[in-house]
Amino acid sequence: MSMLCYTLIIAFLIGIWAVPKSEDNAPLGSPATSDLSDTSCAQTHEGLKTSRNTDQRHPAPRSQRIKQFGSASNIIVDPKLFQKRRFQSPRVLFSTQPPPLSRDEQSVEFLDNEDALNRNIRAKRETHPVHNRGEYSVCDSISVWVANKTTATDIKGKPVTVMVDVNLNNHVYKQYFFETKCRNPNPVPSGCRGIDSRHWNSYCTTTHTFVKALTMEGNRASWRFIRIDTACVCVISRKTENF
């Protein structure tokens, strides 16, 4: 009797195990899901192949390719990169709009505390001018906001790619650089203005400094020191006397 019970129990268990599983409860990697993934992969591959053939037969215009490259280089930047003060420079500005121009639209307004103080001093001088004294610069300089700087030289002397547009919190910011350079290497025929040409040789030249800027390093955005024009100075050398 006991053998008959054992035989019936074993037959019942074998019958349960032999029932096929439903596709709705199919585990990951079962034929039901693998066939679906294989079908989607095949469709994706076929779509990419068709798109590639279409691009080869009808290549995109040059302007469109440049636009696509520009949008691809617009990498999303982590806002944490801007939280460290040591990366901030008064000569580097990230803005969605061009910086304001001055009234004459030839030089720009450098929004800095020191420059604000200088503007107040200049305003006082204009209010109370001194008629018996002339004030002239040794060299003539011009300052501009550079908006489309794509390449620069880093602190190691190597060329780097500068990010023009930065995607931050779904807003596109342009990276501006405030640069100052000489308007003319010889403001007067003898060189620098106000230098005694009988004893000195002089000329005006642009000097550089390094500022932190967002650059491209592979497919990542990184801070690097790059060289920009920052001042116009006078270089003098003593003339040799002929005996």
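For all residues, glycine too, the Cβ spot is worked out from N, Cα and C.
Feature annotation from Swiss-Prot assigns signal peptide to 1-18.
Sequence annotations record features per position, and here Swiss-Prot assigns disulfide bond to C139-C204 (among others). DSSP gives C139 (disulfide bond) a coil state; it is part of no helix or strand.
Per Swiss-Prot, N-linked glycosylation site is recorded for N148. Shown in sequence order, V164 are the residues of the chain, 6+ apart in sequence, with a C-beta less than 8 angstroms from the C-beta of N148 (N-linked glycosylation site).
In the three-state DSSP scheme, C232 (disulfide bond) falls into the strand class. Annotated disulfide bond per Swiss-Prot: C182-C232 (among others), in sequence order, evidence recorded as similarity to another entry.
The Cβ of C192 (disulfide bond) has V138, C139, N186, S202, Y203, C204, C234, I236 as same-chain neighbours under 8 Å, each 6 or more residues away in sequence. According to Swiss-Prot, the disulfide bond annotation covers C192-C234 (among others), on the basis of similarity to another entry.
Less than 8 angstroms from the CB of C182 (disulfide bond) sit C139, D140, S141, I142, C204, T205, T206, C232, each of them six or more residues away in the same chain.
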